[in-house]
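Over in Swiss-Prot, the protein carries these features:
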type: ACT_SITE; residues: K35; note: active site, proton acceptor
type: MOD_RES; residues: K35; note: N6-(pyridoxal phosphate)lysine
type: BINDING; residues: R130, M303; note: substrate binding site
type: ACT_SITE; residues: Y255; note: active site, proton acceptor
Amino acid sequence: MKPFPRAEISSSALQNNLAVLRQQARASQVMAVVKANGYGHGLLNVANCLVNADGFGLARLEEALELRAGGVKARLLLLEGFFRSTDLPLLVAHDIDTVVHHESQIEMLEQVKLTKPVTVWLKVDSGMHRLGVTPEQFATVYARLMACPNIAKPIHLMTHFACADEPDNHYTDVQMAAFNELTAGLPGFRTLANSAGALYWPKSQGDWIRPGIALYGVSPVAGDCGTNHGLIPAMNLVSRLIAVRDHKANQPVGYGCYWTAKQDTRLGVVAIGYGDGYPRNAPEGTPVWVNGRRVPIVGRVSMDMLTVDLGQDATDKVGDDVLLWGQDLPVEEVAERIGTIAYELVTKLTPRVAVCLA
């Protein structure tokens with residue numbers, strides 16, 4: 001018997017999405033971003049499905065070590081860099097690249113003793129103002145890195161966009177211009193484009209693109225849908241009806257008696273709640289997919305359950321599957337209704353949700 005709730009992960013969808021992104025950026029290599037447990041899709045699940053990716057981007061050293069332990073041989077890059085000097089021998093031992101974005105990291109690289117140099121991607125703050133060396137610092141920092149024997153040469157170069165998910169916002173052009181002017185003539189790879197860059201800003205694609213959310217079939221742009229770009233949702237979040245009840249007009253349901261039926265109807269109780277990562281703040285009317293149609297959530301989402309209005313003439317029965325988001329109900333639509341972003345929904349599923357390749 002299949003577990004529920006479960007996140008069914010489609011290997012064919014992941015492979016399709018990688019192919020679509022390659023088509024968008026034919027001259028670029030693809031660093032598939034699989035941080036946050038593969039955006040909730042399962043770190044090794046995703047990496048094993050995307051064996052044709054040229055590399056993988058991660059946020060934590062532990063994620064990179066898990067991939068190496070799982071047999072992944074491709075280039076790995078720590079997008080936030082290393083945090084401690086004791087991380088550096090592990091980078092060497094497991095052939096893991098690191099971003100450098102701060103003075104403290106440079107000092108650790110200059111002081112540590114290593115058996116071979118580390119491959120470094122220097123992050124430039126071209127305008128996001130979160131991580132990276134400023135244009136004023138760049139020449140000095142670059143010279144220090146070039147002089148450091150613990151750093152492999154050439155040094156690679158990167159930046160990150162603040163507003164690429166706003167296709168009409170020309171701040172991305174400003175960032176591209178700043179980065180390109182600063183790094184002109186220097187050797188090494190360049191990477192600028194995240195998912196939005198790859199899809200909407202072709203001039204940003206460079207030597208490597210770093211797609212994240214788009215690999216999972218989701219658009220990075222508000223009001224857009226991944227399917228508009230040929231992407232296929234890789235996750236179907238599925239549970240089931242555990243009760244179907246006749247419900248009288250003017251009767252409430254759930255904690256706080258928040259919702260009251262306007263007419264006689266049939267309610268379905270679905271075995272998923274905020275204890276599984278489904279948002280408690282999902283408002284009345286948020287859709288789920290039952291037997292080929294959208295039906296609305298009614299009442300408050302509780303820890304283990306939520307309630308839906310199946311309609312007066314519903315023939316749904318206990319045991320029927322319920323899709324919370326996926327190929328028949330885009331996660332972008334659900335996120336917009338709830339007032340959040342799809343990234344948050346797919347990455348916040350709790351361990352109670354079984355994640356399995358479909």
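Note that Cβ sites are derived from N, Cα and C of the backbone, with glycine treated the same way.
Across the structure, K35 (active site, proton acceptor) and R130 (substrate binding site) are spaced 18 Å apart at their Cα atoms. Proximity of Y255 (active site, proton acceptor) to non-local residues of its own chain (separation of 6 or more, Cβ distance below 8 Å) is seen for G299, R300, S302, given in sequence order. Between the recorded positions K35, R130, the minimum number of other C-beta atoms within 10 Å of a residue's C-beta occurs at R130. Proximity of M303 (substrate binding site) to non-local residues of its own chain (separation of 6 or more, Cβ distance below 8 Å) is seen for G273, Y274, G275, given in sequence order. The secondary structure of Y255 (active site, proton acceptor), as reduced to three states from DSSP, is helical.
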